[in-house]
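Take a look at the structure below.
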Amino acid sequence: MEPSDHEEASVLYSPGREPKIVPHINANARKFIKSWCNDTIYETYESVFSEGNLETFWSAVVSIFLVGGVIGSLGGAWVADRLGRKRSFLLCGFLLFVGGVCFQFCQTLSSVELLMAGRFLVGLAAGLTTSTVPMYLTELAPLGLRGALGVFCSMGVTGGVVVGQIISLEEIFGTEEHWQFALSFYVILVVIFFVPYPWLPESPKYLFVIRRRQDEAVNELKRVAGKKVRDEYVREQIDAMRRECTPENDEESCGDGQKLFEVGPRPAAMAMGSLASWGCNFIVAMLFTTLQSAWGAFVFLPFAFTCVALTVLLRIYLPETRGKHISQIVPLVAKGFNSKPLESGWTLRLVGLGAITSLGASIPVGYNIGVINAPTEFIKHWSNETIYRRYNVLLSDDSLRAIIASIISIALIGGVIGSLQGAYLADKYGRKKSFLFCALLLTGGALCFLCCRAASSVELLLLGRLLVGLASGLTTGVIPMYLAEVSPIKLRGAMGVLCPLGLTTGVVVAQVASLEQALGTEEHWHYALGCFAVLNLFCYAFYFWIPESPKYLYSVKGDQAGSLRAIRKLFGRHTIGDDYIKLQMECANGQNSPSSQEDGQPQVNRSLWSVVRDPTLTLPLVLVCALQGGQQLSGINAVRIAHPFWRYPWQIIKR
């Protein structure tokens, strides 16, 4: 689907909540309009378009709508303040009407210029609509209904697209003779729903705050609320509008004399939002077709990443507005990007640290757990041939099975060794350097995998498996500890789940990458084993951006100043006092003998045997071992052993 199939429609909403459809060019009508443009230009200018020139001209027809949308968005703030919200609504309708007239008569007059003018006019109307109409509805609505009314414009856009698709069907107006009716059909709705325009109210907030017409604002407020509204309600609304006065109003008319720019900057803010919408729409329209040709179905991946990033942004920074007055909302966002994270505990660096450790260690480890499944038979065949060529030894079936078992099991041996050494490395070199060491081991293993086939070396394959096993043991021991120590108390559970989530994600990605349709083939299995190195290299670029664990610096190294710097990196200067006090209390409570150890002094590292013998740590050790071991005994990795036989059941029968 080309972008013009869904991006060339917009709606205009009246307070009657009915959509006004702006012309939509779908696949049925598009081919007829392009053919008509080609014929008309030849008849008018005696010029023959090549296929490339025709596509360029059609791109101009499509894009001029978006150009109009951008211009309309930029002018929305000026129009809303200069003409008022109600007259801005009327201007949108007028532009839509004139654009529809251009569409209706462009074929009769054989004028592609009229088609272009109509597209530009409805683009202007669309930009004005998306920047002024939601603002108009929001200012008319009472506090309890503001969210419900604010969503109508977005619903109308979607409804307009659906109706535009139906009208452009070949069974209706999507034909060579009637496509101009498909483009201009919406004019009927514009005329019908602009008949009650004289009865529509002006925005009371606009009249009171921007124009300083208090009497007119009260009258319009009564029209909106109804004649039976109580005087107390009117007074409450007027008092609320007084608190939203701009600094240009004097204290006598503004009441309490309070900065606030809730209504004053609102048109400009809506215009900027609309500009972002139409600007991004234009970018998609210009690039989508080219990217689709180059990437195929993967062209939708950037959109998926955008959705994820937008979800994270809104989850962290968007405050709850339901039932709150604008004067209550402004302080929640007044500190910029330091506003919401200070309340929730999430900061950009904390989120980034979780993402980097997951991408750089947890997901690659999970990947190596699952990737060995599919290409086992290819590895078995390659190992047999390689050993025969290099050592002139013909392996028996039992010997070959022992080689494959060694390739699989050596990663588990590495995992055990890495787990035993994880505590030593984490205390000796720190949590951050241990994470770097994990990534280096993973990268080294990936290089062994990528080179083993070219070097005809089974030893490189075994070495690679040992290295990723060591990294796996270190990762499962160090990374959860690192994430827990950098997290505030209330976010510790959320950060702690990233490591197991990354492991599971890595297994899934490995299963996909090792499919026969991807890299799970006889020629490419070594790429399947080593392609995870891309994630490690990506994360190296951010290594110096992430801080060391403040708790490690304070309680293990006794570095009070370094701990303070790490906290500043993680949470900023505004929360330094509270978090630092909590950190000191946690460290003090965790010391073996607080009375005999001075504040800020490093703790004595304890040996594995002393920890095992400590009765106060018996239950925690049992719980940790039960969770780790139980995860494996649940059968999560049993498929790795059974999988080759599922693919090749004849081997079992042969035996």
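All positions are counted from 1 along the displayed chain.
For all residues, glycine too, the Cβ spot is worked out from N, Cα and C.
TrEMBL annotations:
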{"type": "DOMAIN", "residues": "1-551", "note": "domain 'Major facilitator superfamily (MFS) profile'"}
{"type": "TRANSMEM", "residues": "57-80", "note": "transmembrane segment"}
{"type": "TRANSMEM", "residues": "89-110", "note": "transmembrane segment"}
{"type": "TRANSMEM", "residues": "116-137", "note": "transmembrane segment"}
{"type": "TRANSMEM", "residues": "179-200", "note": "transmembrane segment"}
{"type": "TRANSMEM", "residues": "268-288", "note": "transmembrane segment"}
{"type": "TRANSMEM", "residues": "294-318", "note": "transmembrane segment"}
{"type": "TRANSMEM", "residues": "346-367", "note": "transmembrane segment"}
{"type": "TRANSMEM", "residues": "402-423", "note": "transmembrane segment"}
{"type": "TRANSMEM", "residues": "435-456", "note": "transmembrane segment"}
{"type": "TRANSMEM", "residues": "462-483", "note": "transmembrane segment"}
{"type": "TRANSMEM", "residues": "495-513", "note": "transmembrane segment"}
{"type": "TRANSMEM", "residues": "525-546", "note": "transmembrane segment"}
Here the stretch out of 89-110, 116-137, 525-546 with the most C-beta pairs under 8 Å to the transmembrane segment (346-367) is 525-546
For the transmembrane segment (435-456), sequence-distant contacts whose Cβ falls under 8 Å of one of its Cβ atoms, 6 or more beyond its ends
357, 360-361, 364-365, 368, 382, 386, 389-390, 425, 429, 463-468, 470-471, 474-475, 478-479, 482, 526-527, 529-533, 536-537, 539-540, 543
Average pLDDT across the domain 'Major facilitator superfamily (MFS) profile' (1-551)?
81
Within the same chain, where does the transmembrane segment (495-513) have neighbours whose Cβ lies under 8 angstroms from its own Cβ atoms, ignoring anything closer than 6 residues to its ends? I mean 6 or more beyond.
350, 354, 357-359, 361-371, 373-374, 475-476, 479-480, 483-484, 486-487, 519-520, 528, 531-532
Counting Cβ pairs closer than 8 Å, which of 89-110, 116-137, 402-423 has the most of them with the transmembrane segment (179-200)?
89-110
What same-chain residues lie close to the transmembrane segment (402-423): Cβ under 8 Å, and 6 or more beyond its ends?
368, 372, 376, 379-380, 383, 387, 395, 434, 458, 461-462, 465-478, 608, 640-641
Using a Cβ cut-off of under 8 Å, list the residues of the same chain at least 6 residues beyond the transmembrane segment (89-110) that approach it.
12, 14, 20, 22-23, 36, 40, 43-44, 79, 83, 117-122, 124-125, 128-129, 132-133, 136, 179-181, 183-184, 186-187, 190-191, 194, 197, 200
